[in-house]
């Protein structure tokens, strides 16, 4: 798949169209698809230790120089004529029995190295002479250099060797056909066993002799009462049965064939699925963490388990929270929420919540991170303190009489105060012609 190729193209920044080297070994790949469309510039392709049964969809890789298909299920050499630049081909430990299929490599004029050891054809009488004579461009076969004298001898005896090879191929093909029939028969038997087991086993894991015949009411109620104990016992029995089946599978003698390799893979996949199901059952679903009670009271929560300090800065009239966030964690994974009475910080989805000692202004608050330590610092200005007034003593002022106007009279009209002589001064004389003092 495209995703599989991208994940293995990290050295090329996950760009696949310009890839020159790609390693897809031990990925349980069964078929080759799309690779000749997506990676046209490939020079080296590693596909060893998979379950590939056929060489296909690589003919458009004109620049391919080295193809490794060791430890797969390939039975025939084919579809490599288009790989014009191929210089090395590794088909070690496959199931190639048609040795005559090496003739398809005659068009690969740059092919210098070929590995066929570990294949059934490598046991044929005259195997090396046949390959050396057929592929005259080869320099090395199975890691051994081909000398000029060896090639001359192979060419001289080619007719007789080819006849022997064809007879051995025919015998191998007959044997292989019987192995395939036997493998299909076993597969059908196992499928039928599985169907019988599923038909006799209910959805609750109980074993019934006949699904169409329900249990009597008394037996049903009895079974219902003992259900937990029975289920526990059945789980243990099932585990024992699974272990016995597993031991039986691995101890059972089998031929080394493509079908046996696929059967082993299916068995391991089944074991993995069963293990995942058991682990899912064991996992207890944690209830969501309560951050605010039903009556609206915030709680102190530190799920990410981070160190922190809370300081009351009286000079700047603010509360400062210093949270020791992970130094190399991306800031996009942090979410800060300031409320009048508490502050909440979500760190990778885990809540950190702290109740504040005083009411703050959420709109004026701000957060920043240290470039050296990575700590998160949240500054929250405090609300101004308000004086509470007794509502019973509150009175509504008379707005109309807040400013009182003074009445001004003309100076000459204004009555002058009469100066009454004091009798205590004996020398005082009241002269009416003298004007009054201003």
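For all residues, glycine too, the Cβ spot is worked out from N, Cα and C.
Any TrEMBL annotation is an automated prediction that lacks curation.
These come from TrEMBL:
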- 124-142: domain 'U2A'/phosphoprotein 32 family A C-terminal' (DOMAIN)
- 184-194: compositional bias 'Basic and acidic residues' (COMPBIAS)
- 184-209: region 'Disordered' (REGION)
- 268-279: compositional bias 'Basic and acidic residues' (COMPBIAS)
- 268-287: region 'Disordered' (REGION)
- 405-438: region 'Disordered' (REGION)
- 422-432: compositional bias 'Acidic residues' (COMPBIAS)
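Taken through DSSP, the compositional bias 'Basic and acidic residues' (184-194) splits into 11 helix, 0 strand, 0 coil. Mapped onto DSSP helix, strand and coil, the compositional bias 'Basic and acidic residues' (268-279) counts 12 helix, 0 strand, 0 coil.
Each residue in the domain 'U2A'/phosphoprotein 32 family A C-terminal' (124-142) has a pLDDT score, and their mean in this model is 93.
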